[in-house]
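Enquirer: Quick one: the structure is below, questions incoming.
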């Protein structure tokens, strides 16, 4: 490997880590808020009651709570730290840690629309089997893993001080124990972006490859995948006839585990117990992967010779032709790929971190918390409660906050999946950029915009289902045809670029023909989803 190639590989790994942080930022913010609500409002006793830790339903409750809260594999890290402080059993904590990143209302709707609903429901049941098996095995083999409960924080006076206490707790966590775990988790995509060559996994998950689940397991454990990205990968694998078992392994291990979770388990429970946990989770996942591979394979799906579903878990730059300026290329890809809500979440996360650092530097003794926890009788500025004010217990407010987070994730479906007409308007803009790049032979720029076009086409379908019910076979076929033609153009551009034939007149004619087909297919897609615009 030359110095230029090593430089490009290193920058590519940093790009993958930065993409993971950007994608995880909304979920990480939610995780910090949930951990703070558990600590300052729900309380240790309320947390144990919520998770039913002393009952037989503890593991099932952990799975159900995890399914509702909008956190991912990074956002779950501050939450499990708080669950440990509350004195929950190790099996319950790990069941929550493994299940919470897998599904949320957004990703579940996405999967039910773009994949076989029966398969998605089977995946949900399979994830329940994995987390309950791991939790039961853990509690059976290691019954003495309940932490000595940390002293619960003193109650906070009702009113604005409660909100301030939640913000302070979240900020301290954002600049404290969760930071090294998040950095360790991001080391996974960084290493994959350096070590795994671009396109290496494109043929590794074919439906006829008996080792596809094994390969996926090896990649998924260190990888980071948000619930949406993991479900999108699953949907892509279904559409292209790839291994269903590999898709299940990618969902459970890619979205559910990170190096950060393993590092926390190692530090908390020891290396031997962590190895046993990883072996149990991987073993049960592989067993289910091979068990469901054939029965759930979609009938009539054409086996693809390769797939782009795993492109995000490999190096972004080809080692044989690294970009001339890797830093500029990486920055462009990072900025172009960042969603608007991710940018706002990054700003909020940075503010949380800076607030926490300021508290740690200027308030080491915890004077802010002492002021917040000062009893009302000792507070000279305490105001009398108005006649229409209702004094609600902190656990009630905590429960309302948790229900509100779950409700926001449900309502977020309507924001993330706009009406089909709006999706197609944005798709038209992105498609114009992609097709101009294809016509001019700019394969790199076309490769940036084609996946964005695919994403907006899928969002149009989900947005229609969300507002009108099933899309019907006609619209599904229109969407599938449009996506297939985009993929054909992407493959043709990659082939011509690899063979250095982008300037060949015959190859240019092929691209123009594909571009024309995509334009006509988009018109039919518009007619199917937004007929009033035609």
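Cβ atoms are placed via backbone N, Cα and C, with glycine included.
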Enquirer: Among 211-232, 299-320, indicate the range for which TrEMBL gives the feature transmembrane segment.
Expert: 211-232
Enquirer: Take the C-beta pairs under 8 A between the transmembrane segment (178-196) and each of 20-42, 118-138, 244-266, 272-292. Which stretch has the highest count?
Expert: 244-266
Enquirer: Tell me if the transmembrane segment (272-292) touches the transmembrane segment (62-80). I count contact as 3 or more CB pairs below 8 A, with pairs 6 or more residues apart.
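Expert: Output no: the transmembrane segment (62-80) is apart from the transmembrane segment (272-292).
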Enquirer: List, by number or range, the same-chain residues at least 6 past the transmembrane segment (396-417) whose CB is under 8 A from its CB atoms?
Expert: 30, 33-34, 37-38, 40-43, 46, 68-70, 104-106, 109, 162, 341, 423, 459, 462-463, 466
